[in-house]
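Here the structure is laid out as structure tokens; the discussion comes afterwards.
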Amino acid sequence: MNSMTFVLFGATGDLAKRKIYPALYNLYLDDKLPDSFSVIGLGRREWTNDIFQSSVEQSLESFSRRPLADSAKMEKFLRAFHYHALDVGDTEGYKQLLEVIQQREAELNIPENRLFYLSVAPEFFDIISSNIYASGLGSTKGWKRLIIEKPFGHDLQTARELNANLSRAFEEDEIYRIDHYLGKPMVQNLEALGFANPILQALWNNEYIANVQITASETVGVETRAGYYDQAGAIRDMFQNHMMQMLMMTAMQLPKRISATDIRNEKRKVMDALRLLTKEDVITEVVRGQYTFGEIGAKPVVGYKDEPGIEASSTNDTFIAARLWIDDEFWKDVPFYIRTGKRMHEKSTKIVIEFKNPLKDLYAHEDKETAPNLLVIEVNPDSRVSLQLNSKNPLNDGKLETITIDFSANLDEVPEAYELLIFDALRGDATFFAHWHEVELSWKWVQPVLEAFAENIVPLHPYNAGSMGPEASRELLEQDGFKWW
Ligand code: BG6
């Protein structure tokens, strides 16, 4: 791997401490960092290198997946970290930053390969990328890359503006848009599961599949993020990015080659074929919910409107369920149901493929049809794949029962999403980062939903904390003769 400089905006922030430093550290323990590696941490505070390094070390104590190494090894790791105070709006500051980077490059004999990581609030994305461009930081003789965190825009229009601005400083293939769901090992596995297994690949279409269900339920509520979440809602916080990415990864067809370009092309085709809604369609195709008081694990919790920082009049969505259609030859007439919400019964992210069941009556017993075959892909908190089949039970007069075949390998020490993603960005593999087309097309689908919510033409269904969402979400599937699994 090329030697490089990792320029981190937001080096004193929460994400850096919880995710980025632990990821770099675990990559280091696995010998997956380049030999010459320089980290320039940037923040507003006036910190010395010592303070910075000990803050990095503390974050590793709290958040590293693996125990800390001996002090010599730790010291070598920390030596890579240098701090520089920067006010991101101060143009002059970037010139000094350039000098600092160049000096470190010279000392460590690092070619001008620079990875800029924006771990900052979204309002700073524009100004930072403009200043990277204007200061010459981005005019390198080697390569440059930009890693950017969500949210990528607040709606279709602002996403386009942000992209236009970033594009002045970086080419599309230099921009790595993080969606941490794409870093989850089971989401990365979806493509192999569908394509490396001819028996599944043969069935991956509307001839055999009745419907696809993608669920991400959480037990946590708004926590301390009222200011952000009440403006975002489940639709922006989870649906536009993570849920849409899981949809693409599930519905994409066999790529020509297993490469970033080909896989992202296939994902784009899914999004190109996604049927767009009108504002009026939102009323029948999307369910909006908001949690009220209830119990999570026998512990009473308050409703959304009683959460600190939330107005009693808030109509923000903490739950979304939707029916989507992909109008191409593979998925025509197969509904994709997607739901996500806070304060639900359990923390679980899973994809369920329900197969058609043409022989359900042949084996029906006492008016009970046989159960459909289900392929269940659990993403979170467990990584598991299982298949539900029907089988005769000799102990029960040979009646049919469902059996579940579990294909999970017990994987201890699975790398964290950020570890996988940062490693890919370091080596220039963009497969599991969101391409602009994917982001734009998913905003396109979401845009009428945002408008319908803003105009309140869609009911806001209350649901009890600790439930699986409002009744209307169950009815959405019932209309088509299905149920959530
Ligand atoms: C984040 C959202 O992107 O994903 C959070 O902002 C959410 O609201 C989180 O809780 C869920 O991620 P995970 O990995 O815990 O499923």
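Numbers run from 1 along the shown chain.
Just so it is clear, glycine is given a Cβ too, placed from its N, Cα and C backbone atoms.
What TrEMBL annotates here:
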{"type": "DOMAIN", "residues": "7-189", "note": "domain 'Glucose-6-phosphate dehydrogenase NAD-binding'"}
{"type": "BINDING", "residues": "GLY10, ALA11, THR12, GLY13, ASP14, LEU15, ALA16, LYS17, ARG44, ASP87, VAL88, LYS150", "note": "NADP(+) binding site"}
{"type": "BINDING", "residues": "HIS180, LYS184, GLU218, ASP237, LYS342, LYS347", "note": "substrate binding site"}
{"type": "DOMAIN", "residues": "192-485", "note": "domain 'Glucose-6-phosphate dehydrogenase C-terminal'"}
{"type": "ACT_SITE", "residues": "HIS242", "note": "active site, proton acceptor"}
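DSSP assigns HIS242 (active site, proton acceptor) to a helical segment in the three-state reduction.
Note: the Cα of ALA16 (NADP(+) binding site) and the Cα of HIS242 (active site, proton acceptor) are spaced 20 Å from each other. Across the residues annotated as binding substrate (HIS180, LYS184, GLU218, ASP237, LYS342, LYS347), the widest Cα-Cα separation comes to 20 Å.
Residues belonging to the domain 'Glucose-6-phosphate dehydrogenase NAD-binding' (7-189) score a mean pLDDT of 95 in the model.
Ranking the binding-site residues ASP14, GLU218, ASP237 by the number of CB atoms within 10 A of their own CB puts ASP237 at the top. Annotation for the recorded positions HIS180, LYS184, HIS242, LYS342, LYS347: lowest Cβ count within 10 Å of the residue's own Cβ, LYS347. For ligand 1, the binding-site residues lying close by, meaning a CB under 6 A from one of its atoms, are ASP237; the full candidate list was GLY10, THR12, ASP14, ASP237, LYS342. Cβ neighbour density within 10 Å is lowest for VAL88 among the binding-site residues ALA16, VAL88.
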